[in-house]
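Worksheet: one structure, shown below.
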Amino acid sequence: MALQYIINHYMDFIKVTISEFLETMVDVTFILKKDTINNEETQEDNFEESREGSYKGTINYEQSNLNPKYRFDTFVVGSNNKFAHSASLAVAESPGISYNPLFLYGGPGLGKTHLMHSIGHFIMEHDHKAKVLYVTSEQFTNEVIESIRSGKTESMSKLREKYRRVDVLMVDDVQFIIGKESTQEEFFHTFNELHQAGKQIILSSDKPPKEMETLEERFRSRFEMGLIADIQSPDYETRMAILRKNAENYGKNIDDEVIDYIATNIKSNIRELEGAYNKIIAYSRLNNVDVTLENAMEALKDIIYPDKSKVITPQLIIDTVCEQYGTKKDDIISKKRNSEIVLPRQIIMYLCREHTDASLEEIGRTLGKKDHTTVMSGINKIKQKMAFDEELNKNIDIIMKKLNPSL
């Protein structure tokens, strides 16, 4: 098909061109009107079409809702997402067997959707008869509401047939279904039927089931019966790798100092990281200038303020120290006493005392209800070590530069 050829050969070019023009990262989806398709191809508008091989082994993106750009080979693996990536690959290799359901959670723009689509692509590429369906919770909710409003039994029957005859169902941002009575009831029975039939279910959310306060126990137990994998914010090395991958994909040769500038200052999520990169490329093309550090700083001046002092907070210190030492925040505020946790925890205590207005008691509460004597002890130990430990001083200097480049 001509459309498939365009997707395979020109999708990246089309995407980057539009993104540069709009100065923001965008996704591109092609919609093909049914009346433009050969009658022979549209006789059966359902999943049986792909099962019978009418597309001769090509992935039917329209029916699966898969984004062609989200694949395992375009996913950058780092310490922040390695477990989730491994779990996703295991599910893709053995759907319905390895981990069911697979529950991915993490903040926005960290790669949950990318992994879900990657699983779908992998399964369909290795089994052309597999019926894979990806939907957002909003799509699912809207379809349920529309079926109810129609008042027709056949409308709800079609909805159930659509969702319960798939081999793999992926629901993104499942947290938005919770609390919507009719929608969550329909999802509950769909989940049960698919799971009992050995079909693979993949869900994503912004938090794990145990932290979803309004989640009913019947949902919690089902969400937790498989495997739960989290994705955290990418560390510096992963951010650098993501940016280099972008440059490689778009055939750009960008100096490491520019990539370092973006990676050092954009930390929240991959979406913002790629958006900043895209803005620099657009600035370069539209102004006909090279991608230099100076031009990169000018392009991102409304996003990054290198000369403006940051307000240093205990939470910012925790995030920065955890990033420097490759430590999880959950471990920092836990009761763990191993040296890999104790040292960064004490550094946080020291920096909070030196660079914030937080009292010893407030610092202790921030670090998992530690008492003020523990905090004072930790601060004193860091002060003593700084008198002779060059490696410690070096790390603290790096942390302070990350906290505030103007210091």
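From the backbone N, Cα and C atoms, a Cβ is placed for every residue, glycine too.
All annotation found in TrEMBL is predicted automatically rather than curated by experts.
What you are looking at is a predicted structure, and each value in this text was computed from that prediction instead of being measured.
Per TrEMBL, the features are as follows:
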REGION    1-63  region 'Domain I, interacts with DnaA modulators'
DOMAIN    98-229  domain 'AAA+ ATPase'
BINDING   G109, G111, K112, T113  ATP binding site
REGION    285-407  region 'Domain IV, binds dsDNA'
DOMAIN    313-382  domain 'Chromosomal replication initiator DnaA C-terminal'
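Sequence features annotated in TrEMBL and their locations in the structure.
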| residue | record | contacts (Cβ under 8 Å, 6+ apart) |
| --- | --- | --- |
| G109 | ATP binding site | S268, N269, I270, R271, E272 |
| G111 | ATP binding site | F75, N81, A84, I231, I270 |
| K112 | ATP binding site | A84, L104, Y105, G106, D172, S204, I231 |
| T113 | ATP binding site | Y70, D172, S204 |
Go ahead and report the DSSP secondary structure tallies for the region 'Domain IV, binds dsDNA' (285-407): helix first, then strand, then coil.
79 helix, 0 strand, 44 coil
Reading the DSSP string in three states, the entry for K112 (ATP binding site) is helix
Which chain neighbours of the ATP site, leaving out G109, G111, K112, T113, have a Cβ atom within 8 Å of the mean position of the site's Cβ atoms?
G106, P108, L110, H114, L115, S204, I231, N269, I270, R271
Using DSSP, tally how many residues of the domain 'AAA+ ATPase' (98-229) sit in helix, strand and coil.
70 helix, 23 strand, 39 coil
